Amino acid sequence: MDRSNKPSAIGVSGSLPQPSVSVKDTTIEASLPSGESVTVYLYGATVTSWKANGQEQLFLSEKAHLDGSKPIRGGIPLVFPVFGPPPQNHATSTLPQHGFARNSTWEFLGKSSSDSGPSDLAVKLDFGLTHNMLSEEFRKAWPYEFGLVYSVTLSKDGLATSLHVTNEGKQNFEFQVLMHTYLKVADISDIRVKNLESKTYVDKVRNATSHTEASNALPITEEVDRVYQDLNPEKPIVVSSASDGKPLFSITREALTDVVVWNPWIEKAKGMADFSPDDAYKNMICVEAGSVSAWQTLEAGDSWEGGQSIKSRL
Ligand SMILES: O=P(O)(O)OC[C@H]1O[C@@H](O)[C@H](O)[C@@H](O)[C@@H]1O
């Protein structure tokens, strides 16, 4: 029977263009119809490229190892369950620097997209890592039953990364976490890092001594390796241009109250075999959102979630 008020079929031309996701052997790439894109290696679930406003936003060393033989130098390596060299007499003591997440192969769990309108079209890629996916060496070094789900969300607005940690075992465990983001900049001498003023930081270049940040617009003029603590995650860390005062990046966080600011400068850059070219320290600044100045304790069955959201060239 014909309905007099039958709705007309929605033509193909009326549907919104959708994000595209391509799953390859070692990488997942996603892009939005508006041109933004992201590439994630299964090795480390490392984001190696984020393009927005027609430009690459992340620094990736020309000599970064992309074959799973070494953590990737650039992009966003994920640090878990320990930041830096592990302390002695701790459950993480025999793990490598920055833990095992960045040097383990993750599983792609799938994509989801929200399409409530062309302006807030977003695509989310989920990656998983569990105890039984680790190498034997890492399983022995950190014998806890855990589940990690790392989500990378690309929108027109920016890039968000978040980590969900679950304790699937019977024992409590402690962890630290950090999103080691290498931001690409045209000229480090033009960069200022804002919203760190009056915050306490541990200066790893000065024997891990504690200081209070005096600058409201921190220039980078030498090796910098600082752990800023107790920040309000909602207050963005802004990387701006000194010449015109314009913000280049703005980073807000959830449940991540520490921020590491790192630039290896001349000698350290030369000393890293996978850092290239030697003077590329001029084209990067790491602003790393994390929870690293203390340990998060996760009781059996519990879970924790934290993340960052980066906007570029606001
Ligand atoms: O060379 P890696 O292990 O990738 O670490 C790079 C840097 O990572 C930073 O997060 C640390 O604060 C630095 O001390 C460290 O040098």
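From the backbone N, Cα and C atoms, a Cβ is placed for every residue, glycine too.
Per TrEMBL, active site is recorded for His180, Glu288. The substrate binding site annotation in TrEMBL covers Arg73, Gln97, Arg102. What TrEMBL records for 1-23 is region 'Disordered'.
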Which same-chain residues, if any, lie at least 6 apart from Arg73 (substrate binding site) yet have Cβ under 8 Å of it: Leu60, Ser61, Lys63, Ala64, His65, Met272, Asp274, Phe275
Rounded Cα-Cα span from Arg102 (substrate binding site) to Glu288 (active site), Å: 14
Alpha-carbon distance [His180 (active site); Arg102 (substrate binding site)] in Å: 10
Where the C-beta lies under 6 angstroms from ligand 1, the matching binding-site residues among Arg73, Gln97, Arg102: Gln97
Check: same-chain CB within 8 A of substrate site center, minus Arg73, Gln97, Arg102: Lys70, Pro71, Ile72, Pro77, Val79, His98, Asn103, His180
Neighbourhood of Gln97 (substrate binding site) by C-beta distance under 8 A, where only residues 6 or more apart in the same chain count: Gly84, Pro85, Pro86
For substrate: widest Cα to Cα gap among Arg73, Gln97, Arg102 in Å: 14
Cβ neighbour count (within 10 Å, all chains shown) around His180 (active site): 23
Reduced DSSP assignment, Glu288 (active site): strand
Three-class DSSP secondary structure - Arg102 (substrate binding site): helix
